[in-house]
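Feature annotation from Swiss-Prot assigns active site, phosphoserine intermediate to 62; the stated evidence is sequence analysis. The Mn(2+) 2 binding site annotation in Swiss-Prot covers 12, 62, 443, 444. What Swiss-Prot records for 123, 153, 154, 185, 191, 261, 262, 263, 264, 335 is substrate binding site, and it gives sequence analysis as the kind of evidence. Look at Swiss-Prot and you will find 402, 406, 462 tagged as Mn(2+) 1 binding site.
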């Protein structure tokens, strides 16, 4: 089957906001973007809340965005599924969760609960900790240790005190549990193979090994702030009562990992579940009774899963592959899982005719130190792919607006936008020269808001702002006044001249004149 070649460019974290103040996108010098916006059909679409399968008031994120874009329909997120399970009561009868609780209770062992403690809603939610404490109390389990990872990335940089206080109140109300350790997500939730970061979290969890200790979580947080650390970067801290010892994981204990987003939970899970793990030396390898994850983190993991993924049939990648067409996914490390695993509806393997290019992200502590990231390298690979004329569909992600936006550094974020703009001009020109068309969009907002006016702190989280869509091609066309991320794949199919599969509920934003 013949199809017009199309290029989808996803500008990660590129939201729309009119005010220039603290807006890296508005303040950046971006002649290519400005020209494309002025001279080509464009619109704004929704990328948060119910339009992408999230609860009301919940900002979008990269996982959710790419799932919805690739599926061509609203994908109800694990966050929403879990919240509904708590409301319906199913959470408290979930077989995987009950198994972990009962194994600990019936054998006099400890249940260790791991996860990101915040209300950010991107990787986890504090209310899931609270619900699990209720479950443990209902089932008569007395030994529950909470190992909390601090956020400061999808939440304000110094907001952990609120979540720790609410958790402490819940512990008192439920009558079970105590905080045994805490560490920043920078260490516990690395996804870029910085294994020494992960080792510090693993050693803390398994043997209570930590650079710092405190009598309470609140005291540990105050000490971290005094050292100049913000939530994301809090170093391993064991919470040890005056008359006690650090908590360790023992043979026969159970673990429940409460993160519902997989990409930043995989690396820390591996040393617990892989017998031949070799990325770092493990001083202790407790033989756990069960390792339960709230959602499916990887098809390769032999673990218990409380909420397994739901199959997404006939997403864009699968549909294009079944038509015998060629496609390419390209991104740097930070967003590679999003244009592959998440875009494909949670499928680990590539579809027939699907090629993938991974460009390594720079090895820096934070991306404000190198706001260009690997955008230029991605662009060179992308230009070569366009020039090869092999592909009917190319999906490319530029990570800069999101990853540099997360640092809260306005000047660096402006540089990130300007870098992407330079790349955008080159690849759009190349795709048009090839006789193809381009659709540019974003998965959620971020870089358009770099300061929280209420708190005066850097704004490092995503936003709920609308995201842009630009159609660039030689045909005359118009775009709908609004829509949502589910409409992106139907729009691409319209551009390619292909029918839309019945499983896609989104609608094409594009009308050719």
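Using the three backbone atoms N, Cα and C, a Cβ is placed for every residue, glycine included.
Here residue 402 (Mn(2+) 1 binding site) is positioned 16 angstrom away from residue 123 (substrate binding site), judged by their C-alpha atoms. Contacts of residue 444 (Mn(2+) 2 binding site) defined by a Cβ separation under 8 A and a same-chain sequence distance of 6+ are given as 12, 13, 15, 47, 48, 59, 60, 61, 62, 64, 65, 402, 462, 463, 467, in order along the sequence. For the recorded positions 62, 262, the largest tally of other C-beta atoms within 10 A is found at 62. Long-range Cβ neighbours of residue 264 (substrate binding site) (same chain, at least 6 residues apart, Cβ-Cβ under 8 Å): 123, 185, 189, 190, 191.
Counting every protein chain shown, the number of other Cβ atoms lying within 10 Å of the Cβ of residue 123 (substrate binding site) is 25.
Apart from 12, 62, 443, 444, the residues listed for Mn(2+) 2, the same chain places the Cβ atoms of 10, 13, 47, 60, 61, 65, 66, 335, 338, 402, 442, 446, 462 within 8 Å of the centroid of those Cβ atoms.
All protein chains considered, the CB of residue 406 (Mn(2+) 1 binding site) has 24 other CB atoms within 10 Å. Note on the binding-site residues 191, 462: the fewest other CB atoms within 10 A surround the CB of 191.
The Cα of residue 406 (Mn(2+) 1 binding site) lies closest to that of 154, out of the binding-site residues 154, 262, 443. Less than 8 angstroms from the CB of residue 443 (Mn(2+) 2 binding site) sit 10, 12, 13, 47, 60, 61, 62, 64, 65, 66, 69, 338, 467, 485, each of them six or more residues away in the same chain. Those same-chain residues not listed among 402, 406, 462 yet with C-beta within 8 angstroms of the centroid of the Mn(2+) 1 site C-beta atoms are 12, 13, 61, 62, 153, 154, 401, 403, 405, 444, 446, 447, 460, 461.
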